[in-house]
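Peer 1: Below are the features listed in TrEMBL for this protein:
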- A:204: active site, proton donor (ACT_SITE)
- A:9, A:10, A:11, A:12, A:13, A:14, A:15, A:16: NADP(+) binding site (BINDING)
- A:104: NADPH binding site (BINDING)
- A:189: L-homoserine binding site (BINDING)
- A:10-128: domain 'Aspartate/homoserine dehydrogenase NAD-binding' (DOMAIN)
- A:136-314: domain 'Homoserine dehydrogenase catalytic' (DOMAIN)
């Protein structure tokens, strides 16, 4: 029976999850792969630290050179840093070692360089865990939907923000209060910026759009807005109108042009992803044959992420046993234009606040009318707060709604735009 | 560029879908597979019939021998019959032709024989389309969850019954009325038996349990109940209690013993699959690493099913190009005991009808008490109909609830058991 020597780079939540996943499934894996998976080295910053897992202390090292010079077949990078992780992965490829990574930050920014290095060194490179943890979305796209044309991806790709928005929706709480609770419970980091500002989701959108639309979409190409401005007022209006508010990652291709963005949006309560609650993730796909499909699971956490890493390990070991040739991951990528957010067409929810109780509704609506922006609903009448006007527009180009907002602001110094939220009626 | 010659057996909804799927994705497929997919022969019963598709009439044949003697690499069986399909597939294997089948009836009954024949003749055999159409559930289990232990499968595996139950739930209609409408709209067959009695779902459960639990579960091993006894009264009580009624396919392994059944069940409105509406299917999995995951798409129809067939075609062509060895599909299967439905433990909903307005509630409840069956709720009080008593039990063994029902029937000749429905609180 063949030994497959594995090195883990990192032994935090995901690293220890991978360790436990391999140990707890040892017999099944041996039987199916006809190989022993041996974790031979673990790279950590402090090798003297006491660990919960019963790991042979001699396999810990704080020196990457120990790993690269050892007889390692497969490097599993679960550290999550940027520059150091990149250096380690590129070095691993140069030494002919296959690599698995869960590092979305790195792949969403330097994917192209990594695909190239993997191919040139004849190494497999897999990163299922980098997008929505346990959801096998890369594998579904690569091995199942392959051959058909994907038209649109819409996803709830971040567990922390989904937990916060779900709580706000269910309990009518303000953002700040739920965030504090989430931090206390460990659902949000002490510095939640990457989650709540949408950066984490944007990295997943970049990786997914690249794969679905065969082009290079990087983190900086993805227009990103977070959830920090969503108030309980916005959620309550959404609820009244039969909507939920979710932080969406969206990407689609139209006439060879790519749209890719992350923003909070009104979505109808009747759509499948509206029911994705708490820390769960879901990816909703539209493709030309299958039509609509959805994939749902935990997007983070020790074992769900480890499950995706283990799946990559198994697939690489199978590829190795079968002597499969390494294919360049971006072999079919073409350069495509990425549309600015100003070019998109959608409906908008505008919450307009008046600092004092002045009646300028008709002036406000005139601005929409003069600009040719259809107003579907003006729900001033329904709401108790006399100083708030809610406007729901028809589909309009984003650049136009921004001009309209400028005109509204110039109308009266007592007028403020409380929030502008996009409406995704057609997930 | 290599030519891959394909024969379609059958040119109905699925067959023509496969034809169109290959044609409409020709360029993508050519580019990715470095091969031409050529549909060289199509087996039909009437080769003179006028077809909507613009197919070269010379490729139609009504004689299977034409196919088997031709230079065919890949046989796609989408006829759906039993004996003739089996004969064709076994003959194809003998001639060294790879086979894709969407035939759940055949695989759920004769799977073992087909796996054996495929392996012995060194042929690939794939059947993704046989379970829930476009949901890539077999591929997820084989290529992604592989290595981890699946604990439970719960699915809405039949679109017709889900359409009927959704309509009954949404519009408060009776089963018969919705069935007629579904037949008129083409969502239900003229003879709906296989769908509404749960046989179609049971075949999918058989195929999935075999794969998930590595054992032979055939159609006849799956306990099956359909939806024909569900009344609008049952649905209205379910609704009142925060439940939905869905036709579930369930399978799990406990201590090496397999449970596999199809029955209508109360499921909480808060669970993900409760929101799976209309003709959609969903499979909910619990596994030891990933935890809970769900896969959702159309389970039938021309293009969704064709999507799964096309995915199998692509995977087989890739395997062929890579000269991959054929593995026996049941190589890890072991004989496992399949539990009788009488052995399961669950909660029950009982609707008890009294033919006249007699008050025997206390006698009825005594029977439960004397048998040691805990009653969670007795909602006689809530309901207008004085002749109906609803009882919700605690978890109890099925054989015990059946004895209890016998005792109830013996209590009074005016008492009838309107319905007994299992409650799946823990999907």
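Any Cβ shown, glycine's included, is placed from N, Cα and C.
Just so you know, TrEMBL annotations are computer predictions that nobody has curated.
Are these features on the surface or tucked inside, and what touches them?
Peer 2: Long-range Cβ contacts of residue A:204 (active site, proton donor) within its own chain (separation 6+, distance under 8 Å): A:104, A:108, A:130, A:131, A:132, A:155, A:157, A:158, A:249.
Within the same chain, the residues at least 6 positions away from residue A:14 (NADP(+) binding site) whose Cβ sits under 8 Å from its Cβ are A:78, A:80, A:102, A:129, A:302, A:305, A:306, A:309, listed in sequence order. In the three-state DSSP classification, residue A:14 (NADP(+) binding site) falls within a helix.
DSSP assigns residue A:104 (NADPH binding site) to a helix in the three-state reduction.
Packing around residue A:189 (L-homoserine binding site) is summarised by its Cβ count: 13 other Cβ atoms lie within 10 angstroms of its Cβ, all protein chains included. Secondary structure at residue A:189 (L-homoserine binding site), taken from DSSP and collapsed to helix, strand or coil, is coil.
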Peer 1: Just the number: how many Å between the Cα atoms of residue A:9 (NADP(+) binding site) and residue A:189 (L-homoserine binding site)?
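Peer 2: About 22 Å separates the two Cα atoms.
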Peer 1: List, in sequence order, the residues of the same chain other than A:9, A:10, A:11, A:12, A:13, A:14, A:15, A:16 whose Cβ lies within 8 Å of the centroid of the Cβ atoms of the recorded NADP(+) site.
Peer 2: A:8, A:17, A:18, A:78, A:79
Peer 1: What is the Cβ neighbour count of residue A:12 (NADP(+) binding site) at a 10 Å cut-off, with all protein chains included?
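Peer 2: If we count other Cβ atoms within 10 Å of residue A:12 (NADP(+) binding site), we arrive at 12.
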Peer 1: Give the helix, strand or coil assignment DSSP yields for residue A:9 (NADP(+) binding site).
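Peer 2: In three-state terms, residue A:9 (NADP(+) binding site) counts as strand.
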Peer 1: What does the structure give for the C-alpha distance between residue A:16 (NADP(+) binding site) and residue A:189 (L-homoserine binding site)? Integer Å is fine.
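Peer 2: Cα of residue A:16 (NADP(+) binding site) to Cα of residue A:189 (L-homoserine binding site) measures 19 Å after rounding.
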Peer 1: Report, as a single number, how many Cβ atoms besides its own are within 10 Å of the Cβ of residue A:15 (NADP(+) binding site).
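Peer 2: There are 27 such Cβ atoms around residue A:15 (NADP(+) binding site).
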Peer 1: Near residue A:13 (NADP(+) binding site), which residues of its own chain have a C-beta under 8 A away, given they sit six or more steps off in sequence?
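Peer 2: Sequence-distant Cβ neighbours: A:301, A:302, A:305.
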